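**Student:** For 37, 91, 126, 188, 291, 292, 293, the entry in TrEMBL reads GTP binding site. TrEMBL lists 44, 48, 51 with the feature [4Fe-4S] cluster 1 binding site. Per TrEMBL, S-adenosyl-L-methionine binding site is recorded for 50, 95, 150, 222. According to TrEMBL, the [4Fe-4S] cluster 2 binding site annotation covers 286, 289, 303. What TrEMBL records for 28-252 is domain 'Radical SAM core'.
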Ligand code: SAM
Ligand code: SF4
Ligand code: SF4
């Protein structure tokens, strides 16, 4: 099999760009690659309307075949090279990552990787929480550092309406408890806020998790993919979320803990913890975006809104050695200039519609 050519930068070199200050791999906007999100399955047992609406992801939807998925060996190899290039956080996602058979084994393999300084990269996982009651302890045991659970409402009827498969909220709350009991020091909770759907839940959610080991993060509804019927009217700006909570539980801004952090932190003035807001629509954070994504079938995407990925699986299965893979990844990152969220508002609806955006369940949230 012939090995596909290694991507080159516009300057024509097999373009590893490096930041002079740190020597880290850099893209064209001098952003390092620090965070790799790996989609381990494009399937999910939920059908959240903002992500995998039933009208599109119905019975006949053609999910990837088993042999199209990256194997654990392939994922581990890509992750090892990414870590050598400066990645310090590996996040398993999907689809629903806990549906991937043997996910604990993959966690253990990734947890055993070492950075050039001899540390392990941070291993994180984002889940809808449905399988956490049975899997939390094994995941922790395998070396998972952090878990993020998606939770859009505490109201059972509304929660079931959102997941659209009648999954009860109590089981997800059990999953969160299971994670805390398994030894995760904290659990992050992601709430996608959609106007007219669950924005009435903002303060209840804040009240429920204030002063607990769970940190709630409110995410602006994004125009990922082409199937979720996004419109700007349905976006609740983070500033409004902060105002609504602050009117009941006063908040003050807190400093970022890490460069490239997606969430802006706000702490309760009474010392009872904090919340985060992820303002991908109203306050884009492309300037510090250090995230790369691997789709379920092994394409490297340099932006959540990229219209195409770079086929690393073809390299892996075509017999590329580590040096070739490493050069390919460096070249792809070196050529990166994505900043979709910053330019979104300057695109006409026609231009936005013309972009061939990838579904989040495939590219990894
Ligand atoms: N199934 C897992 C889950 O729900 O946590 C992991 C994959 S999911 C695609 C990752 C994250 O993306 C979730 O927190 C989900 O709420 C978020 N998400 C999905 N579609 C979104 C959208 N249109 N706007 C904002 N966030 C979205
Ligand atoms: Fe599934 Fe997560 Fe998408 Fe909901 S957000 S449909 S749980 S992948
Ligand atoms: Fe990063 Fe693309 Fe999102 Fe901007 S739009 S923050 S470049 S993933």
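Note that Cβ sites are derived from N, Cα and C of the backbone, with glycine treated the same way.
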**Student:** Can you tell me how far the Cα of residue 188 (GTP binding site) sits from the Cα of residue 150 (S-adenosyl-L-methionine binding site), in Å?
**Tutor:** 8
**Student:** I'd like to know which of the binding-site residues listed (48, 51, 95, 222, 286, 289) lie near ligand 3, counting only a CB under 6 Å away.
**Tutor:** 286, 289
**Student:** So which binding-site residues out of 50, 51, 150, 188, 222, 291 are up against ligand 1, CB under 6 A?
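**Tutor:** With ligand 1 as the reference and 6 Å as the Cβ limit, the list reads 50, 51, 150, 222.
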**Student:** Under 6 Å from ligand 2 by Cβ, which binding-site residues from 48, 51, 91, 95, 222, 289?
**Tutor:** 48, 51, 95
**Student:** Going by C-alpha distance, which of the binding-site residues 48, 51, 91 is nearest to residue 222 (S-adenosyl-L-methionine binding site)?
**Tutor:** 51
**Student:** Tell me which of the binding-site residues 126, 289, 291, 292, 303 ends up closest to residue 51 ([4Fe-4S] cluster 1 binding site) in space, Cα to Cα.
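**Tutor:** Result for residue 51 ([4Fe-4S] cluster 1 binding site): the nearest of the binding-site residues is 126.
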**Student:** Within 10 angstroms of the C-beta of residue 188 (GTP binding site), what count of other C-beta atoms is obtained when all protein chains are considered?
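**Tutor:** Total other Cβ atoms inside 10 Å, all chains included: 18.
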**Student:** Take the mean position of the Cβ atoms of 286, 289, 303, the recorded [4Fe-4S] cluster 2 site. Which other residues of that chain put their Cβ within 8 Å of it?
**Tutor:** 31, 284, 285, 291, 302, 304, 338, 339, 340, 341, 342
